[in-house]
Amino acid sequence: MKIFGTDGVRGKAGVKLTPMFVMRLGIAAGLYFKKHSQTNKILIGKDTRKSGYMVENALVSALTSIGYNVIQIGPMPTPAIAFLTEDMRCDAGIMISASHNPFEDNGIKFFNSYGYKLKEEEEKAIEEIFHDEGLLHSSYKVGESVGSAKRIDDVIGRYIVHLKHSFPKHLNLQSLRIVLDTANGAAYKVAPVVFSELGADVLVINDEPNGCNINEQCGALHPNQLSQEVKKYRADLGFAFDGDADRLVVVDNLGNIVHGDKLLGVLGVYQKSKNALSSQAIVATNMSNLALKEYLKSQDLELKHCAIGDKFVSECMRLNKANFGGEQSGHIIFSDYAKTGDGLVCALQVSALVLESKQVSSVALNPFELYPQNLVNLNVQKKPPLESLKGYSALLKELDQLEIRHLIRYSGTENKLRILLEAKDEKLLESKMQELKEFFEGHLC
């Protein structure tokens, strides 16, 4: 049975993520990390979901039962876990979060000792241990060999210092008015501190988590409130994070939501202008707009494509010796400062770009026009191979003949089919999307 999805393990708390399941997974992961253990320490952080307490305690019980010492640091962004795992010399890091999903869901993401998400072969190795009853039950420690757990509440300072070091030393934010939407999630403490200490005039919204309101009509998936607040406050910029703050949505001074591909393009060129790129390659996923590739080419930069998911972006960056890349959804990686997508690092770089451009953000962040794209997330009841659906191949052939770029795939974390179409003719795009929706609703819903 496959346990891992595209971004760790995710499911409804108490249904898939039961205490017994989490303990078993914790033991399996711990035994895998033990093979290369250097310090016998594992770091655990979480977002603000109520079920995080249950998942955290199950993991602590599992890991200490096989002899690991556990450090618990409470609510922190996912990229903070990646950074602190390496910074605190831990064998591994664990983030308890379902990212942008509703509060009823939760998830578990693993990081190696260098702060990188696990490769697929590493996840498969953990799955094999998970299903090995004999190994699991013979691994418990007794007496002095049992591990210990301790909670450290002040590591947030390390991460704040790290974030501030990512911001250009010759700049400050004193001339910017910024609205932050922390999604009642993991960034609710750290984001206001960082921007305030760098001098910005800050308004914070959705920073009162109660365990059940994470991502609720707020944050990166619902930026309309942020857009209204930016206009009302007459702010220069607005930043919306998702529940675990590895993702960023930007709103300009006019209240417009900045498309993720425009962000990738303008940030890539900004990094080039500072001689901060390690190569001429910038990495994006197969969902990226063709206009991004054309814009980067005009700036003597090459776009490299990869599969969807920030761990695939990270891997492609390493293969191409690139230090910048991301997804149009807002997972953007500056690998000089973060091993995974970091919404706060990205927000600081966007702020620096706007400052140095000496333009309002609605101009500075609008470097090119996009080709029309239509993205639909369709709820499905089953996930058979798409190639097995009668008429599917003929549909794709027709799209190719009409020069409509297409990307159709199941979500790795939800029961959804994602359909992306791109073409120069917007009316044709809408017509074909309706046809596709009706086709898949008839087969999958």
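Just so you know, glycine gets a Cβ as well, placed from its N, Cα and C.
Take the Mg(2+) site that Swiss-Prot assigns to ASP242, ASP244, ASP246: the candidate from SER99, SER388, SER393, SER411 listed for it is SER99.
Cβ environment of ASP244 (Mg(2+) binding site): ASP47, PRO77, THR78, MET95, SER97, SER99, GLY185, ALA186 lie under 8 Å away, each six or more residues apart in the same chain. Same-chain neighbours of the Mg(2+) site beyond SER99, ASP242, ASP244, ASP246, judged by a C-beta within 8 angstroms of the site's C-beta center, are, in sequence order, ASP47, PRO77, THR78, SER97, HIS100, GLY185, ALA186, ALA220, PHE241, GLY243, ALA245, ARG247, GLY341, GLY343.
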